Amino acid sequence: MNNLVKLTISQAISGLKNKEFTATDLVTAHINQMDKYRCINAYITEIPELALQAAKKSDFLIQTNQARPIEGIPVSIKDLFCTKGILTTAASKMLQNFTPVYDATVYSKIINAGGIMLGKGNMDEFAMGSANINSYFGNVINPWKAENDDIDLTPGGSSGGSSAAVAAFMAMAALGSDTGGSVRQPASYTGTVGIKPSYGRCSRWGMIAFSCSLDQAGIITRTVEDAAIMLETMMGYDEKDSTSLNVEVPNLRSAVNQPIKGMKIGIPYDLMENKSLSSEIITMWQNTINLLKDHGVEIVSISLPYINYALPVYYVLSSAEASSNLARYDGVRYGLRVEGKNSNINEIYELSRSEGFGAEVKRRIMMGTYALASTNINSYYIKAQQVRRLIVNDFTNSFNKVDCILIPSAPTAAFPLNSNQDDPVTMYLNDILTIPASLAGLPCISIPAGFSANKLPLGMQVIGSRLDEYNIIKISSAIEKALNLKFIPKGF
């Protein structure tokens, strides 16, 4: 029964339909896997009893021919999404005892489609981080190890628990969030598939806010087809979210295994000169370009001059929005309450926020508050918004010539957990390749496309024009099929 955890979602759906095994069997196998690899720390909260109850319901619906689209599929839910009656912490001491009274819309969509939650995935606190070292509940460990080395590696962030759970076969899919790359970069580090849809495709209702103009739900799976299946269940208009788009949900699964001959793929060749990119990443990029050429794709050189400013623009805007969003956690309205000797209101604010937030969250709040100060707002926040528009224009101009854009997902393979912890700028550079598409609100997917010299997975990123999730699935599926590589951590 342990082999059940190795199935893809499409295989599991078929097996359940054909009565080869039950949803209870499938969930039990994943619970056993979670028990075996708890040292990875992929989950903050586990709910095996509730998962088994849900599995019994799924078995009944399957037996009575009432199965929903993803009936019986075990999933991990990032601990940023509200789950009624189940602890939701955002990996912060500030919310360590918070139990929501309602469900996030995107979580409801997954459950209503038949998905079964196994638990709440670990993450960087309030989704701020690129290495999953900022969780109040401890680091997540990447299931992958470098060849001939036993050093613990980062699973990426902020959805590190999500990516680790999928890579270690502790969930078939994991709901994550992507603000500046928090689904795609972890997917790259763990040999999984991570997709972020266009901004507004998935509801943000019930997703604890970090940066409202950038936050978007995403999904991590082990294949492109599985990502398409899951994303279809998540997308759709939600009147409770003012940024939700009232547009038709495409049939993404139909994009899998479609011919790509004649499509045009844009390559920003100038980016290959960026010193942050390792030689292994550039080699993988060039190999993927050659593979696409062999399949009849036209490669077009494009220019994205303003993406060199994407990183500072992102950290000004996201920190400013975080400063505003996190102001509510003061120990009086929301969050951990710490009272001092005097118990006056200012002391409660100061002590609660000092003790409730971790170092990285405090750093970004301070950066954001500085950028929004009346003496600084024109120089920082307003200027960043103006440059963001130039970045959007770069992409718009490029998509007048091409169907998709191909760039790597991360500048390197996964790095040791204990490296660069005291160097926030170096940490921020890990998102240099994912942030541009986030600023433009574009759909993008990271797929595993090669290995480093140390046998660690490397990811490629396909970026589409606004609302064109179909073509990024189409291209990434073709790359996945042509490469035909297996991405399974040693020992799993």
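Cβ from N, Cα, C; glycine included.
Annotation source Swiss-Prot lists active site, charge relay system at LYS78, SER158. What Swiss-Prot lists as active site, acyl-ester intermediate is SER182.
Everything Swiss-Prot records as a feature, shown here on the structure.
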residue : record                               : DSSP class
LYS78   : active site, charge relay system     : strand
SER158  : active site, charge relay system     : coil
SER182  : active site, acyl-ester intermediate : coil
- Query: Which number gives the other C-beta atoms within 10 angstroms of the C-beta of SER158 (active site, charge relay system), all protein chains shown included?
  - Reply: 34
- Distance, SER182 (active site, acyl-ester intermediate) to LYS78 (active site, charge relay system) (CA atoms, angstrom): 11
- Show which residues of the chain containing the residue listed as 'active site, acyl-ester intermediate', separated from it by at least 6 in sequence, have their CB under 8 Å from its CB. ASP124, ALA127, SER130, GLY157, SER158, SER159, GLY176, GLY218
- Query: Including all protein chains shown, what's the count of other C-beta atoms within 10 A of the C-beta of LYS78 (active site, charge relay system)?
  - Reply: 33
